[in-house]
Amino acid sequence: MMNDMPQEAVQEQTRRIGDVVLDLQNISLSFGGVKALTNISFDVREHEIRSIIGPNGAGKSSMLNVINGVYHPQEGRILFRGEERRKMEPHVAAAQGIARTFQNIALFKGMSVLDNIMTGRNLKMKCGLLAHAMFWGPAQKEEIEHRKKVEEVIDFLEIQSIRKTPVGRLPYGLQKRVELGRALAAEPSLLLLDEPMAGMNVEEKQDMCRFILDVNDQFGTTIVLIEHDMGVVMDISDRVVVLDYGKKIGDGAPDEVKNNPEVIAAYLGTSH
Amino acid sequence: MLYREAGQFKASYIEDQQIFPIRQDKIGFIAILAFFSLVVPMIASEYWLQAILIPVLIFSLAAIGLNILTGYAGQLSLGSAAFMAVGAFGAYNFMLRIDGMPFIAALILGGLCAALVGIAFGLPSLRIKGFYLAVATLAAQFFIVWALVKFPWFSNNSTSGVISAQKVEILGFAFDTPVSKYLLTLAVVAVFALLAKNLVRTTTGRSWMAVRDMDVAAEVIGIRPMRAKLSAFAVSSFYCGVAGALYAYTYLGTVEPEGFSLDLSFRILFMIIIGGVASIMGSFLGAAFIVLLPIFLNVAMHALFAGTMPAGLASNLELIIFGGLIIFFLIVEPHGLARLWQIGKEKLRLWPFPH
Amino acid sequence: MQFFFEVLIGGLLSGVLYVLVALGFVLIYKASGVFNFAQGAMVFFAALTFVGFRELLPGLTGLDPEGALVFWMAFVLALGAMIVLGILTEKIVLRPLVNQPHITLFMATIGLTFLVEGIAQGIWGANVRGLSLGIADEPVEWIMDSANMLVSKFDLFAAALAGVLVASLALFFQYTKVGRALRAVADDHQAALSIGIPLQQIWAIVWAVAGFVALVAGLIWGARSGVQFALTFTALKALPVLILGGFTSVPGAIVGGLIIGASEKLAEVYIGPFVGGGIEGWFPYMLALAFLLVRPEGLFGERHIDRV
């Protein structure tokens, strides 16, 4: 993978990394006695691609769920853009510009690709129920305006030909792409991606990598990425945090992490 | 060969987002509407208008209501009939207690009463799902009917809660013939069906469907499940309420709370299962089917047995056929008659070629 | 105070009937994840079939209509019918719907309710039938003498029968091979399948057992208030019972049934007069609803953590 994407590697060095936007301090999360996360701290900087890696069950998805408010940690502080959040609901996180995709695709199966991506615009739509019922004037205008934005996303992800297909009928790789589209439609400042390349073949992975890097590059979106493909992670990440059994065992630039003895033990040792 | 969309290009998103993007569909729809509003009143007998067309229209509206809640927002309800009752009794009381109350306003106010009650009984949906919610709506079903019987104020102190609908008059024109009642019902149902279609194809509808398909994901992209679910309950109950008011004013004339029974709620549920879940069109097909089937059975039985019909045979057969069809449709075609209609159209689009 | 206890005990004993219906729900829910709305209709079907055979048999065989032989022959025939019904339901209705959303399965069982009611009445007619088990619905004398309370013999008998039924089911599931397999299935379909448990056979057995439970419930209930269509609606009260007790818990069904039985009677007696009476019809549902808001998983249910 290293040699597959020379251009992206160059771009990576030219992007400017900003201040800390998301700061997680001493996060602990448990489900009825089972510890999912123990005392984890790390931060995410503006415009960077920050990866979370670790063996299965390390608590990576739980970490994302904590960031966008699906789970509420019992201990620790979360600072987003300098403000502390307490018990925030996911839709508030969404309103603050955090979007995400899921490990097991969480598309709305009964709706078309277009409608799925349109739901991503939901927060930016202001018209009320009555206006929708009339579909007159402002509501129609709003719908059309957002449709234009959604079409941009569709163009960006190269899925024009399937825009009216129900997502349930699409192959796995395309579904993952649509899910990314739905997240992008919200124009997030922080994008959480949970294994966006799981189960994909090499071409699909390359496409997905390209989209992720383009998003990061063109829109300056900060990205937190969970991924199992080490080649991809080491290639596109600015910094990597490593979890194992709910604990943080490594944090730093890809090269540092790669040579961290604890990380090597976790991946090659008894636990995997 | 008539049904082709070739050559119809959409140059703007407005054109692409019409209800009927294909020209032939639009023409067909206008033709059907014209037939039912112009031709039917001239040719239909009083029996057809009173016993078939008016109830089909009214139940279509109730089925649209339930479809919004169950089909689009994924919240099962077994209490549709009770919300119809709220609408009927609400409209009755507005007509009764406020002098010069315009009928259409009473209709809408009745619907709004139902919407408020619907929101109250929808509150549990914020914490519970699926068949747990069915119990909440069963509570609504039994409680509302009980309350309408037990508190005489609702029925202006009549025995066992029976009410007789006042005369319907709009701008001095009295709707007292079957034809005029039919046309009034048709107009109300057509307008509300159109509004419902608009709702389900815009942001409101998408947020309902999102909550239905995957509530966690919906919340993560910023849809508030509370608002989506409660708005579905409100709109759904409003539709049932308006249907209930029409049921009293243009169909039966005299109604009692016990008439809005659990059995009626089930029938409305059957309408959307057979007609098509999450389809406005399906609501009409389902309502027509469920209203017509017992009539058809009765006629068929009488023809077969000619007076010597075993008692209760028709009603048992009806139960068996309803139950059997529900299971059949759920297994074979979960999207109901509306889906069959769509498949037919797709075939027609390609006809005479197989692909 | 005496009156209070009398109402309470009467309520608890009538709750036993709810327990019996709720048991059938729990069995099927545990094993196949289906919320069987038709359980009430099955109770009705069972009772009607029993009564039907009991009326039919003396004419065919010349036996004494009140005799034990006819009773047990009718019982066995009705049980056979219930088992056939259960297995057919599993094969025809539920198997094609495996992996469908819960709500679809639920609606299918509503369809099943109508189907079963229609078939039952189609075969045996729609008249209300009396059913006698030979135990009089009269107060037990020594309780009346010693505590001056009216407690029905029949209710005590029903409670004892329910107790025996629950105990034997518990033993069956705890100590037999089928029972073990069933608990495995209840825990995880996939895992059970992967260790070679014949899933569909187990489902068929569960539906048959549920049919048996429905028959017992139908007999007691039918003897209490006549075999009639209304049975299916009364059986709906098993729903609030399950919400209180939790859908997967047998002890929950028992406790929930007793609570619903007792509270609806107490509410009728103590609150009813202030609001015009007849609140038994909706009180259990409202109680369940209020309870749901506090503890959605029920008294004994398992708390469910959504994973994303």
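Note: Cβ is positioned from N, Cα and C throughout, glycine not excepted.
Under the heading transmembrane segment, TrEMBL lists B:27-44 (among others).
The transmembrane segment feature in TrEMBL is assigned to B:50-69 (among others).
As annotated by TrEMBL, transmembrane segment applies to B:76-95 (among others).
Here the transmembrane segment (B:101-123) has long-range neighbours at 75, 79, 83-84, 86-92, 94-95, 136-137, 139-140, 144, 168-170, 188, 229-230, 232-242, 244-246, 249, meaning same-chain residues at least 6 beyond its ends whose C-beta is under 8 angstroms from one of its own. The transmembrane segment annotation in TrEMBL covers B:101-123 (among others).
Long-range contacts of the transmembrane segment (B:130-149) within the same chain, counting only residues at least 6 positions beyond its ends with a Cβ under 8 Å from a Cβ of the stretch, are 75-79, 81-83, 85-86, 89, 117, 121-122, 124, 155, 160-161, 257-258, 260-262, 265. Taken from TrEMBL, the feature transmembrane segment applies to B:130-149 (among others).
Summarising the annotation, TrEMBL assigns transmembrane segment to B:182-200 (among others).
The transmembrane segment feature in TrEMBL is assigned to B:230-249 (among others).
The feature transmembrane segment is assigned by TrEMBL to B:269-299 (among others). For the transmembrane segment (B:269-299), same-chain residues at least 6 beyond its ends with a Cβ under 8 Å from one of its own Cβ atoms are 51-52, 55-57, 59-60, 62-64, 66-67, 70-72, 77-78, 80, 193, 196-197, 200, 209, 314, 317-318, 321-322, 325-326, 329-330, 334-339, 341.
What TrEMBL records for B:311-332 (among others) is transmembrane segment.
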Task: Recorded stretches the transmembrane segment (B:182-200) and the transmembrane segment (B:76-95) touching, at least 3 CB pairs under 8 Å - done: no
